[in-house]
Amino acid sequence: MERITVTLGERSYPITIAAGLFDDSASFMPLKAGEQAMLVTNQTLAPLYLDRVRGVLENSGVHVDQVILPDGEQYKSLTVLDQVFSALLAKPHGRDTTIVALGGGVIGDLAGFAAASYQRGVRFIQVPTTLLSQVDSSVGGKTAVNHPLGKNMIGAFYQPVSVVIDLDCLKSLPARELSSGLAEVIKYGIILDRDFFLWLEENIEAVRELQPDALAYCIRRCCEIKAAVVAADERESGMRALLNLGHTYGHAIEAEMGYGNWLHGEAVAAGMVMAAHTARRLGQFSAEDVERVKSLLVRAGLPVNGPTQMAPEAYLPHMMRDKKVLAGELRLVLPTAIGQSEVRGGVAHDMVLASIADCLA
């Protein structure tokens, strides 16, 4: 068992990583006998894990209710969020309840935002079941729903009280979803940890095959990096913005193509290559390193080109709604070397468009 702490003073919390955590009620601390919990999951995961998690909580004396939501990025919306609020109010649940988010990034983001909003804030526990949510979205307190005009535009910073990562969940994860998560894994190596990038170049196939030692190290290292970044910059006023490598381009793909048609990690993968080409055109990232990034993404089962039906000009309106835009100026996360990156403003739109065009299949 691995345990990592996200250090935020009185709001610090543990990330627990191991196989078989769903069978141990201690995994869901600080929930205890006599307390209420609302278990939030989706229609795909409910048959796999709902009875198991609910059972271990009820056997420990927790009073559990549940809400099962539709599955997919297109359902990370205010309309579906209202279903969670309605379920909480119907029982009813008070300010001492705990929301348990059992699912991937959509469930974690949506249930977390429900926790941040319901009665001005209740506890919640992240129980991520996809690789992407285990290595990224469950850690750090970003919660949100989407708007038709932009991804994650309605949300809050709100930290969980714990993150429970059961490695056994990945055994049921479709290969495409696993690859989607690997985009965020590779991102950490590009932006902050050259040694981890080199390790991935040697071990990416072992991770895709779910070899236990490689998988455990991969998830642990990602959580260590994310925890350190969040502890240093919880509200993304500085270095935390580096975690958005590829996301400004990728969110444009998701919004333009329709949420769910491109998985988040797929869009981020293409976006990271676009960012790499932008950095190359600026003279701060070598063509050789662009190819190394592309090669690793391909080996991870990810796209390195944007959608053919999306012209470069279609990206900019979405990119200008990005949360890093300041005073109308587009700001991009760009690599400066493998393991190093920066937030850069003032990049000419023509250069951005040319870099996107570099990535059209």
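Using N, Cα and C of the backbone, Cβ positions are placed for all residues, glycine too.
Here the structure is a predicted model, which means the values were calculated and not measured.
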Swiss-Prot Zn(2+) site partner of Glu184, His264, selected from His247, His277: His247
Nearest recorded site to Tyr75 (NAD(+) binding site) by CA-CA distance, among binding-site residues Glu184, His247, His264: His264
Cβ-based neighbourhood (8 Å from the centroid) of the Zn(2+) site, residues Glu184, His247, His264 excluded: Leu132, Asp136, Ala183, Lys187, Gly246, Gly250, Gly265, Ala267, Val268
Winner by Cβ contact number (other Cβ atoms within 10 Å) across the binding-site residues Asp71, Glu73, Thr130: Thr130
Neighbourhood of His247 (Zn(2+) binding site), C-beta criterion under 8 angstroms, separation at least six: Val268, Gly271, Asp322, Val333
Secondary structure of Lys151 (NAD(+) binding site) (DSSP, helix/strand/coil): strand
